[in-house]
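J.: Once you've had a glance at the structure underneath, I'll fire off some questions.
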Amino acid sequence: MPEGARRDLAGLRREYTRAGLAEDGADPDPIRQFGRWFEEALRAGLYEPNAMVLATATPDGRPSARTVLLKGFDERGFVFYTNYGGRKSREIEANPRVALLFYWGELERQVRVEGTAGRTSEEESDAYFATRPRGSQLGAWASRQSEPAESREELERRLAELERRFEGRPVPRPPFWGGYRVRPERIEFWQGRENRLHDRLLYAREGPGWRRVRLQP
């Protein structure tokens, strides 16, 4: 039996004591509240505070999840970029209802987002792709995401071919690569508290605005 399977996990716990989340201290707009917490995560020096778990599902309800990087957010939603041929994209195209999760353990916080994903504009995807390091641009061309690979060497050979192909000129965005924007319908802010009586504030879209409610932990 693996060592980890024999380990007693029942005692792995911690007390949350850092802060609280009260209605009178939270912004009535969830995007502004997210921006406030995101800035605090940046100031705290968290490793990749823009990392978020993206959950998708097939039309028949088979879920899958992976970590992607947030590359922008505003009142329209949360943006990430990916290969349009990979599993996550295929599932989004068939079933655009998705969920996001930000976990900032050092701050004893998490943010959950539920909404609908749609592609960003060609212009927006082009503008972001142009900011990527050249190696990442070439990597986007080299990867046939989620398809089987014969070997690591196969990928390295493809990358070398692309380096020769685009030598001395800008790397354009591949037509099979771009962004998605998740338009939020529900955003929940969770703050760990003592005795597991955590603070949970849920914002639900209601007409042109948002309705906020406190949830029991």
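Keep in mind that glycine also has a Cβ here, set from the backbone N, Cα and C atoms.
Per Swiss-Prot, the features are:
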- Arg13, Arg14, Glu15, Tyr16, Lys71, Tyr128, Arg132, Ser136, Arg196, Leu197, His198: substrate binding site (BINDING)
- 66-71, 81-82, 87-88, Gln110, 145-146, Trp190, Arg200: FMN binding site (BINDING)
J.: Out of the binding-site residues Arg66, Tyr81, Ser146, Arg200, give me the one sitting nearest to Glu15 (substrate binding site) by CA distance.
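T.: Checked the binding-site residues Arg66, Tyr81, Ser146, Arg200; minimum Cα distance to Glu15 (substrate binding site) goes to Arg200.
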J.: Around Arg132 (substrate binding site), how many other CB atoms lie within 10 A of its CB?
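T.: A count of 15.
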J.: May I ask which of the binding-site residues Arg13, Arg132, Arg196, His198 is closest to Arg87 (FMN binding site) if we compare their C-alpha atoms?
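T.: Minimum Cα distance from Arg87 (FMN binding site) across Arg13, Arg132, Arg196, His198 lands on Arg132.
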J.: Let me know the DSSP-derived helix, strand or coil state of Arg66 (FMN binding site), please.
T.: strand
J.: Find the one among the binding-site residues Leu70, Gln110, Ser146 whose C-alpha lies closest to that of Arg13 (substrate binding site).
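T.: Result: the closest of the binding-site residues to Arg13 (substrate binding site) is Gln110.
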J.: Using CB atoms and a 10 A radius, I'd like the single residue among the binding-site residues Val68, Leu70 with the highest neighbour count.
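T.: Of Val68, Leu70, the one with the most crowded Cβ is Leu70.
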J.: Let me know the most crowded of the binding-site residues, choosing from Arg66, Arg196 and counting other Cβ atoms within 10 Å.
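T.: Buried the deepest by this measure is Arg66.
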J.: Of the binding-site residues listed here (Lys71, Arg132, Arg196, His198), which is spatially closest to Gln110 (FMN binding site) when Cα positions are compared?
T.: His198
